[in-house]
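All remarks here apply to the structure that follows.
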Amino acid sequence: MTNXRNEXXLLKIINHSFIDLPTPSNISSWWNFGSLLGICLMIQILTGLFLAMHYTSDTATAFSSVTHICRDVNYGWLIRYLHANGASMFFICLFLHVGRGIYYGSFMLHETWNIGIVLFLTVMATAFVGYVLPWGQMSFWGATVITNLLSAIPYIGPTLVEWIWGGFSVDKATLTRFFAFHFILPFIITALVLVHLLFLHETGSNNPSGLNSDSDKIPFHPYYTIKDLLGVFILLMVLMFLVLFFPDILGDPDNYTPANPLNTPAHIKPEWYFLFAYAILRSIPNKLGGVLALILSILILAAFPLLNSSKQQGLVFRPITQILYWFLVANLVILTWIGGQPVEYPFTIIGQIASISYFSIIVILXPMASTIENNIMKIYQ
């Protein structure tokens with residue numbers, strides 16, 4: 001008798017994705033972040049739905065409605081801070097997930113990797129429009145500064161900015177449309193996640209050794225469901241610790257002041273997870289150049305499969321590239337720190353050095369290291 005989960009069409013899809021899925025037997029905890037991102041997305045959609053029930057997307061009442069959620073709605077403060085800190089957890093998992101993909105050479109699964117880049121950009125767009133919604137000082141000025149970057153596009157730039165604003169400045173029309181975008185984008189992300197998984201299950205997962213694992217596969221359930229469950233509990237513990245003890249540690253104090261177009265904050269900066277890209281943007285004195293560098297800082301991920309010339313998948317047996325990888329990680333930490341600092345000496349020069357080294361490591365040094373490692377391997381073959 002065939003198992004019930006192999007008969008019904010919908011159950012068969014679930015079965016082949018999460019139960020009987022053949023999985024490499026040696027994947028480490030670095031492979032947990034995919035499922036954690038799924039949990040983060042679910043938390044964000046659920047908390048966001050409950051917030052949307054009480055939020056009003058009008059410049060006159062947006063700030064007050066967020067205050068009302070925190071003060072008057074049952075557990076509104078909990079939902080609001082789960083949503084705000086859930087976004088931070090989302091990006092922590094996202095950075096670790098991408099970092100693992102680079103370290104273990106998962107970018108060689110081209111379709112999965114490219115859909116992943118589209119997902120990354122969509123999540124960044126969602127987080128940006130979401131940050132505008134509380135209509136605090138940093139929300140307003142962040143929206144003004146970032147949308148204004150589009151004016152650097154030759155010829156159509158200024159018209160495009162006014163079209164996005166829905167007027168001649170960030171105002172009621174902007175807030176309403178940003179709320180609409182923020183509501184719809186998570187569902188687009190969910191659809192993209194399904195496509196991401198579809199392409200992943202076409203090829204099967206990569207593994208730490210970088211070797212073909214077809215001869216050594218185990219079913220996803222119960223082995224990896226239990227393993228993922230442990231990751232979920234750790235994620236929820238960290239998230240609840242943040243929410244209950246330090247809910248505002250990752251936020252900006254300026255956002256507790258209602259938006260005022262007549263008063264500019266001393267230092268306009270985005271949320272911490274955008275600071276690395278913001279630092280790259282600020283390190284170039286030219287406006288259009290800065291915008292291009294900002295876009296390239298993310299799109300450069302698409303160059304990894306093209307620049308890869310190594311005979312091995314992953315960095316496990318590649319000591320030179322490993323050193324470069326950790327240089328890149330340290331570089332991103334420095335960029336994140338610089339993005340939050342004022343535009344003055346010595347921060348500007350540090351930001352410029354870090355920006356140049358970010359692109360140099362990926363485009364010049366890593367391919368050179370791969371060539372050296374290939375030649376060393378030839379000697380010892």
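Glycine too: its Cβ is placed from the backbone N, Cα and C atoms.
What Swiss-Prot says about this one:
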type     : residues      : note
TRANSMEM : 33-53         : transmembrane segment
TRANSMEM : 77-98         : transmembrane segment
BINDING  : HIS83, HIS182 : heme b b562 binding site
BINDING  : HIS97, HIS196 : heme b b566 binding site
TRANSMEM : 113-133       : transmembrane segment
TRANSMEM : 178-198       : transmembrane segment
BINDING  : HIS201        : ubiquinone binding site
TRANSMEM : 226-246       : transmembrane segment
TRANSMEM : 288-308       : transmembrane segment
TRANSMEM : 320-340       : transmembrane segment
TRANSMEM : 347-367       : transmembrane segment
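Everything Swiss-Prot records as a feature, shown here on the structure.
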residue : record                   : DSSP (3 states)
HIS83   : heme b b562 binding site : helix
HIS97   : heme b b566 binding site : helix
HIS182  : heme b b562 binding site : helix
HIS196  : heme b b566 binding site : helix
HIS201  : ubiquinone binding site  : helix
Counting other CB atoms within 10 A of each CB, which of the binding-site residues HIS83, HIS196, HIS201 comes out lowest? HIS201
Same-chain residues at least 6 positions away from HIS97 (heme b b566 binding site) with a Cβ under 8 Å from its Cβ, in sequence order, are PHE33, GLY34, LEU37
Taking the transmembrane segment (178-198) as reference, the highest number of CB pairs under 8 angstroms among 77-98, 113-133, 226-246, 320-340, 347-367 goes to 113-133
Students should find that the Cα atoms of the residue listed as 'ubiquinone binding site' and HIS182 (heme b b562 binding site) sit apart, in Å rounded to an integer, by 29
Take a look at 33-53, 226-246, 320-340 and tell me which one has the most Cβ pairs under 8 Å to the transmembrane segment (347-367). 320-340
Across all the protein chains here, work out how many other Cβ atoms are within 10 Å of the Cβ of HIS182 (heme b b562 binding site). 22
Residues from the same chain, set at least six apart from the ends of the transmembrane segment (226-246), whose C-beta lies under 8 A from its own: 29, 32-33, 35-36, 39-40, 43, 78, 81-82, 85-86, 88-89, 93
In the same chain, residues at least 6 away from the ends of the transmembrane segment (320-340) whose Cβ sits under 8 Å of its Cβ atoms read 99, 102-103, 269-270, 272, 274-280, 282, 310, 347, 350-351, 354-355, 357-358, 361-362, 365-366, 369-370, 372-373
